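To start, the structure under review is shown below, and the notes come after it.
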Amino acid sequence: MRLRLAGAVLLSAAAYYVYVPLPSGVSEPWKLMLLDALFRSFMQASDVAHALGVCHRVHLLNRVVSWVEVIEPRSCPAVHVTDSELGGVPARVFQPKGGKRLKRGVLYFHGGGWALGSGRMRSYDLLCRKMAEDLDSVIMSVDYRLAPEAVFPDQYHDALAASRAFLSSPVLERYGIDPHRVCVSGDSAGGNLAAAVAQELSSDDSIKVKFKVQALIYPVLQALDFYTPSYQQNQAVPILYRPYMARFWLQYLGADSSLEPLLLANNHSSLDQPAIGANIRSKLNWRALLPAKRRKHYRPVVKETGSPGVMGKVPQLVDVRAAPLLADQEVLARTPKAYVMTCEFDVLRDDGLMYVRRLQDAGVAVTSDHYEDGFHACMVFAYLPMMSSVGWRSMNNYIDWLDQNL
């Protein structure tokens, strides 16, 4: 009887910890709750280790990721897999066997808030392996440096160095890549790097080979407004909670973590901040850039007066290399045809949708692929153990788009 009672108590406690209220439209809510419980456990353990001075919270999380997810390069009958370098930056290369002599090429940047993850993780390995086989394309998955050891612009410089090497004649010739059919892509923070690289290289006339397309998967593109409709609607929706995103931004920009409450209150982008003029504000004016269906009943949160000196401490907040949404229209106009995936239940939804609108206004052909039941990072959970249905759908649609446009 006591064992049964103890079991019931433990089961109830577990259910209480796992359960979080989710929007009715999200895909497979119980799978997402279980994933979130696991993710929260690791985040809380890392916070404790950080507070006790055992290690930085990011180091513990990456050790767990490495132990659980990172795998060695293993070739299979259809794809040859090796670890190499691009411009001095580690990369995993996926080469399809057979097929056409000249292959399409995709350069991919993984997500993880510029602090977590690796292109050598099982989830990214499976994604890139499938892309290589389905597209008969050479896929190169880049392992850029991570925070806290590396901060902006280190990750950006790694992405740029890898991109320049990828587009160079020696690399294209070595791997048999068609120079007219190359793509830059990435998810979340990797989507940020892909967008920034696409802007930089499309405006660099010294680069002879240009990316034909850019494919951005739920990208993070700005850090001035933490009260977009998607940030308000999805602030408590797993797995990317609103405070996590502010923390990731501060780590990436090498800023003091004590600024997190100021970012979450939009005190850093108040009207009395001289570094943020009308021109910058117009580039993230979601009342003008988002359709009414996404704006819903939400209202902007713009402070008249905020925290003085924040922009002086973190000027990178308005650097277009960190926040590609803030690029000028003439820069956007030179970027390649784009694919932008967004998810309804993702705080970053509106970053992507505003970028779609700004690219369209600049004359760029854009495919906006929105998932009404999607959540942040769903695509990388397409495989076991989660087997997310929206993840599988989004992954296949992403690959189909590349097949038709690259």
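Glycine too: its Cβ is placed from the backbone N, Cα and C atoms.
According to TrEMBL, the domain 'Alpha/beta hydrolase fold-3' annotation covers 106-264, 319-379. TrEMBL lists S188, D346, H376 with the feature active site.
Mean pLDDT for the domain 'Alpha/beta hydrolase fold-3' (106-264) in this predicted model: 97. Just so you know, the Cβ of S188 (active site) picks up 29 other Cβ atoms within 10 Å once every protein chain is counted.
DSSP labels the residues of the domain 'Alpha/beta hydrolase fold-3' (319-379) in these numbers: 22 helix, 19 strand, 20 coil. Here the Cβ of D346 (active site) has 27 other Cβ atoms within 10 Å, regardless of which shown protein chain they belong to.
Comparing H376 (active site) with S188 (active site), their Cα atoms are 8 Å apart once rounded. D346 (active site) sits 11 Å from S188 (active site), taking the C-alpha atoms as the reference points. Of all the Cβ atoms in the protein chains shown, 25 others lie within 10 Å of the Cβ of H376 (active site).
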